Structures are given as C-alpha cells and as structure tokens.
Amino acid sequence: MKRRKFDLAATPGKAAAGVDDRFAVATPLRKLLNKVFPDHWSFLLGEIALFSFVVLLLTGVFLTFFFEPAMTEVVYDGSYAPLQGTPMSAAYASSLDISFDVRGGLVMRQMHHWAALLFMAAIVVHMLRIFFTGAFRKPRETNWIIGSLLFWVGFLAGFTGYSLPDDGLSGTGLRIASAIMLSIPVIGSWVTSSIFGGEFPGTIIISRFFIAHVLLIPGLLVALISVHLGLVFTQKHTQWPGPGRTNNNVVGERMFPRYALKQGGFFMVVFGVIALMGGLFQINPIWLFGPYEAWVVSAASQPDWYVMFLDGSTRLMPAWEISIPLGDGYVIPPLFWPTVVLPGILVGLSTMYPFLEARQRKDYRSHNLLERPRDAPARTAVGAMAVAFYIVLTLSGANDVIADKFQISLNAMTWAGRIGLLVAPPLAYYVTYRLCLGLQQHDREVLAHGVETGIIRRMPDGRFVEVHQPLSASNGHADGHGQLDYVGWVVPKKMNRLGALGPAIRGFFYPIEKPVEAPVSPGHPPVEARPEREEVGSGESRH
Amino acid sequence: MTSDNDRRRGLLARLRERPAARSRGRRRLGAAVRLIAALMLAGGAYTVFAPGAQAQDNPQLTGAAAEGKALFDVSCVTCHGRNAQGVEGRGPSLIGVGAASVEFQVSSGRMPLARQEAQAHRKPPVFTDEQTRQLAQYIQELGGGPVVPEGDDLREDGNVAAGGELFRINCSQCHAFGGGGGALSSGKFAPSLHPATDRQIYAAMLSGPQNMPVFGDNQLRPEQKADIIAYIQETLKHDQDPGGFNLGRYGPSTEGLAIFLVGIVALVFASLWIAGKS
C-alpha cells in the first residue's frame with residue numbers, strides 16, 4: 001500500500017486555508033494583525049493596569065472557591081492559635097482559613113491585594129501620562145472620560161474588596177463609609193439603611209458587598225475596559241512628533257508579530273512582579289486585626305493608598321458644622337464636605353477637563369500627535385497643581401503614622417497639611433510653569449545657535465566665547481546660524497547625539513557589543529591606545 | 001417598733017427631734033462638754049501619731065529604701081524635690097505613685113529624663129536592677145501605691161486568645177494592632193511595645209505612665225493582665241509574619257509606598273526595556 005507523503009511545511013497553510021474557507025476571517029484578521037502601534041515606553045503604562053486586572057480576575061476566582069460571604073457567627077477553630085475559640089463572622093473565619101489552611105491561599109490573597117494596589121497605581125500613572133502629553137484632546141475625550149470612570153469604579157472595587165474579610169481594620173473602614181453616607185443631607189439615612197439593611201453593621205452587608213465585588217463591579221470594569229481598548233483601536237494610538245510622523249499617519253510596529261510578542265512578554269513581567277510582591281511582602285495581615293467588633297479600633301487605621309486622599313481631606317477639614325434652623329433643627333456635619341462634595345468636584349473637573357482646555361485654548365481641531373509637557377506649560381502646570389493637591393491629601397491620610405515614626409507633633413502635621421493644601425498647589429503651578437518655559441527656551445536656543453561644544457575661545461580683545469556647532473548648514477548668516485523650526489521634539493544637546501544614529505553603545509542593562517579589538521599584525525608593535533584628550537587651551541582656534 | 005424606726009432614721013434626724021423639754025442651759029452645758037471631749041480626742045491622737053521634730057529628718061526607712069533615698073537625692077531630687085514632693089513646673093510629686101511606677105520609668109530608661117518635652121522616650125537605663133529596686137522601695141515607703149508582683153515571668157498560664165481580645169479592646173486604639181505604637185496629640189505618643197519586658201508592661205498597666213490610662217486590678221484582673229502580656233510577648237513579638245517582609249506593620253500607608261517604590265518602579269523599568277528593544 002502506498003503511503004501518501006506527509007508535507008509538514010504545508011500543514012499550517014492548509015489548516016489556515018481550511019479555517020478561512022469556513023469562517024472567512026482572513027480579511028479582518030489581516031487588518032488587525034497589520035495594525036501599527038507606535039513604540040514608546042510611556043505607552044505601556046496602561047498595559048500594566050490591564051495586565052494586573054487579568055491577575056486580579058485569576059486570583060480573585062481562586063479566592064471565591066474558599067471565601068464564605070456571610071456574617072453568621074462562628075467560633076474559630078483553625079490553625080492560627082491566637083484566635084482559636086474566638087467568636088467571629090464566617091467571612092472572617094474563611095479569610096483566616098484562606099490565609100492559614102488553604103494550600104497557597106495566603107500567597108493568592110496577597111497577590112490579589114498587591115494586584116489591586118498595582119491596578120490603581122498603574123491607572124493613575126497612565127492617566128498622568130495621558131494628561132501631561134495631551135493625549136486626551138479631540139478626538140479622544142470620550143476615552144479620557146472612560147478612563148477617569150475606570151479609576152472611580154476601581155476605587156469601588158478596591159473598597160468593597162477591602163471590606164470583605166470583615167476584620168478589625170476593614171470594619172473600621174466600613175463604619176467610616178456608613179458615616180460618610182449618613183452625612184449626606186436629606187437622603188443620608190435612607191441611603192445608609194438601604195445599603196446596610198438597617199442600622200450599621202447589620203447582618204447583610206458582607207453578602208451584598210461580595211456580589212458587588214465579584215459580579216457587578218468587575219462586570220462594569222470589563223465593559224469599560226473593552227470600550228476603552230476598542231476606542232484605542234478605532235481612533236488609533238497617538239504618537240510623538242518626529243521625523244516622518246504627522247497628524248495623519250501612525251509610525252510604529254505591526255501588531256503581529258513584534259507588538260503581540262512584546263505585549264505577551266510584558267504580561268509575564270507584570271505577573272512576575274505581582275507574584276514576587278505577593279510572596280515577599282506581607283500585605284493586610286488580617287490575623288493581627290482580629291474580628292470586627294464595634295468597640296475595636298486601632299491606631300494608624302488607614303484605607304488603601306487610593307482612598308487615603310479622602311481620609312486626608314477628612315483629617316484636615318476643620319470642625320465646621322452648619323446648623324440650619326428648619327423644623328427641629330437640621331445639621332450638615334463637617335464630614336460631608338471632604339468626603340462627598342470634594343470627590344464630586346474632582347470627578348466633575350477631571351472628566352470635563354478636555355472640554356475646559358479646548359475652550360480655554362480655543363482649539364477644536366483633532367490631535368493625533370502628542371505634545372511634550374514643556375510645550376504646553378499651562379496644562380503641565382495645572383497637572384502639577386493637581387498632583388500636589390493629591391499628594392498633600394494622601395500624606396495627610398497617613399499623618400498619624402508620619403507623626404509617630406518621624407517624631408513630629410500630630411497637631412503640627414495637621415496644620416502643615418492644611419497650609420500645604422492651600423500653598424503647595426499654586427507653588428507647584430508656578431515652579432512647573434517656569435521649568436517648562438526654561439526647557440522650551442533652551443531647545444529653541446539650540447535650534448537657533450547650535451549645540452554647545454565645550455570649546456571656549458578667547459577673542460583678540462580678551463573676551464571668552466563658547467563655540468557652538470550649528471545644527472543646520474548656514475544660510476547666509478555670517479555667524480553660521482541656520483533657520484530651524486521648533487517642532488516640539490527632542491533636540492540634540494550633546495555633540496555625540498548629532499545625526500540620525502542611535503546611542504553609540506547598544507544594550508539596556510550592559511553593553512551588548514564590545515568594540516572590536518585592533519588587529520595585531522606580525523612584526524609590528526601592538527596598536528597603542530589613543531592618547532588622552534588634552535585640555536583645550538585658549539591659543540589656537542579650531543573653528 | 002418606734003425605737004426601731006428611730007434607729008433606722010439618720011442621726012441628724014434624731015438630734016433634731018429630741019424633745020424640747022430640756023432647758024436651754026442644760027443643752028449648752030452638754031454642747032460644751034462634747035466640744036471639749038472632741039478637742040481632747042483630736043489632740044491626743046495628734047500627740048500619739050505626729051512624728052517628733054527629729055523624726056522629720058530620719059523617717060523610718062528599711063535598708064533598701066535608705067539606699068534608694070541616697071540615689072534619689074543625687075539623681076532625682078532636682079525635678080521631684082526633697083522627699084519626692086515635686087517641684088512646680090519641673091516634676092510631679094511621687095507620693096503615692098508606688099513602686100510599679102518607679103520600676104516602669106527607671107527600668108525603661110525614661111527616668112532620669114533627657115529633657116523636658118511632651119513625653120519621655122525609652123533609653124538605655126541609667127540604674128541597675130538593684131538600684132531600681134532600691135529607688136522603688138524608697139518611693140513605696142514614702143507614700144505607698146501599686147506594686148508589681150514578684151518574678152520576671154508575669155504571663156504564666158496566660159491565654160493568648162483571650163489576651164488578644166483584651167488587647168484589641170483596651171490597647172490597640174493607641175498602640176496599634178501590631179503593637180508598634182501610634183501618635184497622640186501635640187507630640188505625645190503611645191510607644192512601641194516591642195522592647196518592653198513582662199514587668200514593664202505590667203507596671204505600665206498598673207501605674208498608667210505619661211498619657212496611658214491606669215488599668216487597675218478592678219478594670220483588668222491580674223489574670224487578664226497575664227493574658228494580655230502573653231499575647232504581646234508571644235504573638236505580637238514572635239509572630240513570624242507568614243506573608244513575608246512585614247513592611248514595618250504600619251498598615252496600608254507603607255503598602256501604598258511599596259507598590260510605587262517596588263511595583264511601579266520595576267514595571268516602568270521593564271517598559272523602558274521592552275520599548276527600547278526595537
């Protein structure tokens with residue numbers, strides 16, 4: 001019997017043709033795989049958030065297998081001795097079991113928590129990149145709004161997750177959350193009692209937060225992330241200005257294979273960093289906090305870092321209570337302003353910023369080229385102002401830890417925060433604005449006069465001048481100055497950066513190429529090293 | 001029955017209701033006699049109990065207390081004054097603070113004070129255990145007060161789980177869940193519990209040093225104190241931190257710092273590296 005010859009090389013092609021015959025995917029897939037992404041390290045920050053979200057889903061699913069979202073009272077009899085025999089909620093007992101009795105449970109819990117912190121941190125860092133480069137401008141305002149909403153939905157995801165173990169620390173946080181809801185005028189008490197199913201803490205809140213944390217909020221996050229990425233695909237990625245890059249093209253790498261491979265590798269790196277942190281750094285040691293009881297509280301009770309700015313605003317808020325003589329008397333507690341009004345203003349300002357800026361600059365064109373921070377000093381300065389505001393609030397959220405560990409009076413910390421909140425943002429605005437103008441001016445100077453060579457020349461009359469290497473051929477100017485337009489991209493500042501060549505030595509962590517050894521021919525002495533460069537004197541001109 | 005009723009009513013009521021039949025003269029005489037008797041009683045008691053003129057300089061001190069007084073007069077008298085009566089604006093009176101307070105303050109190096117400030121800091125102790133005991137004995141004999149029980153191990157049979165519950169109710173507000181301490185107002189603070197010995201923790205609960213409230217034996221029974229000490233010494237100090245490096249156990253504030261300094265920094269470097277590979 002004659003055996004048919006099996007052609008291995010033709011198999012993938014055949015298989016692909018078979019798939020295409022049935023599903024007709026070649027045309028759309030070709031478009032997708034040939035999609036071009038510009039390459040810059042700062043475009044990868046959003047991916048950190050995306051990949052840590054994937055890790056969150058994976059570790060979160062593992063945790064749900066063992067977590068019991070109930071406030072039924074049980075008596076702990078697991079393997080953590082210092083809590084044995086203590087009455088506690090089933091949620092807390094199962095969290096302890098995950099930490100001590102489920103194989104790999106503690107590292108999964110810690111990875112989940114670190115991934116959550118990383119998710120929020122990457123969102124903020126990515127958002128700063130988008131802001132400072134002007135990537136939110138038309139046509140990408142919608143994606144900016146979705147991104148800001150992702151922060152707030154992530155905030156909710158984090159808070160509900162933080163509350164689930166029902167330990168002493170998270171219960172304190174939940175108590176504060178209920179107080180914040182209660183402080184809302186008119187509807188406060190109704191909101192609180194409908195969320196908690198009555199008075200705090202009730203018996204239902206953990207189950208409700210559980211379903212919000214594992215179904216509703218992740219569903220919302222997945223939907224928002226999908227739209228976010230879909231819009232990046234259809235609107236195309238922004239790029240830096242530079243040679244060959246215009247507002248109407250995209251210069252970069254194709255989706256397949258390079259970009260996809262890089263992204264796959266980057267996912268592994270993100271996963272690895274989270275796993276390392278989950279294995280090396282202890283986070284949220286719930287066994288020390290004990291079960292939540294209304295009378296238990298600890299010094300240095302803080303929320304996770306992305307909520308800390310609200311804690312800080314609460315700590316800085318003076319005790320201004322507004323009494324309204326209506327009926328039996330009505331009081332707006334001071335808590336209302338820093339925890340309900342302030343986040344409301346922040347959501348409004350941040351989502352509306354693209355429109356505010358377009359209106360202010362009277363710029364309603366589409367922008368696919370990014371702006372360097374120095375080229376939009378007003379925006380950069382506003383961003384620095386927001387960052388300063390946020391940092392002062394976040395530090396104030398930890399002001400008791402700072403006061404204790406650095407031996408500063410807590411009262412001094414509070415006043416430093418209050419004054420800093422008013423002084424630091426305008427100061428940051430001014431300093432950043434001047435820095436931007438200075439950097440821009442230096443770029444323009446190099447374009448006009450050339451690169452500083454470090455050669456100092458003495459003129460016949462005794463003056464000293466530095467020789468500049470012009471960037472372009474002189475066009476009639478006696479001093480060799482050419483005319484170069486300012487395009488908002490990197491200008492060479494050193495002699496060896498001239499020209500289109502990359503850095504002289506290749507390699508990121510260490511040089512990957514060694515300079516070629518000089519050949520030694522027989523009968524000749526080995527080539528000597530080049531003599532050290534001499535200091536340039538003021539005698540002969542080398543111009 | 002009437003006499004019973006009389007007895008049940010108060011003394012003043014009975015005095016008020018004495019029949020008005022007695023003459024005014026007899027009443028005045030009676031009052032004078034009672035006054036003289038009371039004066040004699042008070043005077044007699046004074047002569048019996050009041051120390052003589054020379055006894056003021058030589059209180060009856062045991063040997064150890066006399067040694068303690070010698071130490072006191074060299075090291076403590078500047079602020080706490082002669083006979084530990086205190087000096088206005090410098091140091092409080094030590095009458096009645098008890099040996100427990102002396103033991104806590106001196107053995108933890110807080111006294112002698114380095115400088116006047118919001119609160120004393122723990123330092124290497126200046127006095128030996130023996131000298132500390134003598135000082136404590138002196139203060140105890142001056143005015144009495146709480147005393148720490150004998151022995152270095154004050155957590156015998158302590159129940160760690162019960163101690164944990166008591167710790168979270170009574171101590172963690174200021175000393176934090178991990179026992180690392182926390183800030184109080186105006187530069188005051190609750191110190192870290194990690195360097196404290198059994199006796200120091202017990203003495204602190206009994207005497208309420210600096211800004212700490214007193215946890216007397218009617219608030220926390222001695223066996224409850226043993227539970228708390230057991231929890232602090234055996235769980236908080238010897239917890240092996242199953243999750244890895246504990247970041248100082250400062251809670252979410254250092255965790256937030258770590259995610260930026262470690263996580264974000266590492267990943268920004270990774271993205272620089274990946275984007276550089278083109």
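Keep in mind that glycine also has a Cβ here, set from the backbone N, Cα and C atoms.
Mean model confidence of the domain 'Cytochrome b/b6 N-terminal region profile' (A:15-241) amounts to 94 (pLDDT, 0 to 100 scale). Summarising the annotation, TrEMBL assigns domain 'Cytochrome b/b6 N-terminal region profile' to A:15-241.
Here TrEMBL flags A:41-67 (among others) as transmembrane segment.
The transmembrane segment annotation in TrEMBL covers A:113-132 (among others).
The annotation transmembrane segment is assigned in TrEMBL to A:144-164 (among others). Proximity of distant same-chain residues to the transmembrane segment (A:144-164), defined by a Cβ-Cβ separation under 8 Å and at least 6 residues beyond the stretch ends, is recorded for 67, 69, 91, 95, 112-113, 116, 119-120, 123-124, 126-127, 130, 136, 170-171, 173-174, 177, 205-206, 209-210, 212-213, 217-218, 220-221, 224-225, 227-228, 231, 284, 303-304, 306-307, 347, 350-351, 353-354.
Annotated transmembrane segment per TrEMBL: A:209-233 (among others), in sequence order. Residues 35, 50, 53, 57, 60, 64, 67, 69, 140, 142-143, 146-147, 149-150, 153-154, 156-157, 160-161, 163-164 of the same chain sit 6 or more residues outside the transmembrane segment (A:209-233) yet have a Cβ under 8 Å from a Cβ within it.
Among the features that TrEMBL reports, transmembrane segment is placed at A:264-283 (among others).
The annotation transmembrane segment is assigned in TrEMBL to A:335-356 (among others).
The transmembrane segment annotation in TrEMBL covers A:376-395 (among others).
Look at TrEMBL and you will find A:415-433 (among others) tagged as transmembrane segment.
Among the features that TrEMBL reports, region 'Disordered' is placed at A:517-543.
The compositional bias 'Basic and acidic residues' annotation in TrEMBL covers A:527-543.
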Residues of the same chain, at least six outside the transmembrane segment (A:264-283), with any C-beta under 8 angstroms of its C-beta?
44, 47-48, 51-52, 54-55, 107-108, 110-115, 117-118
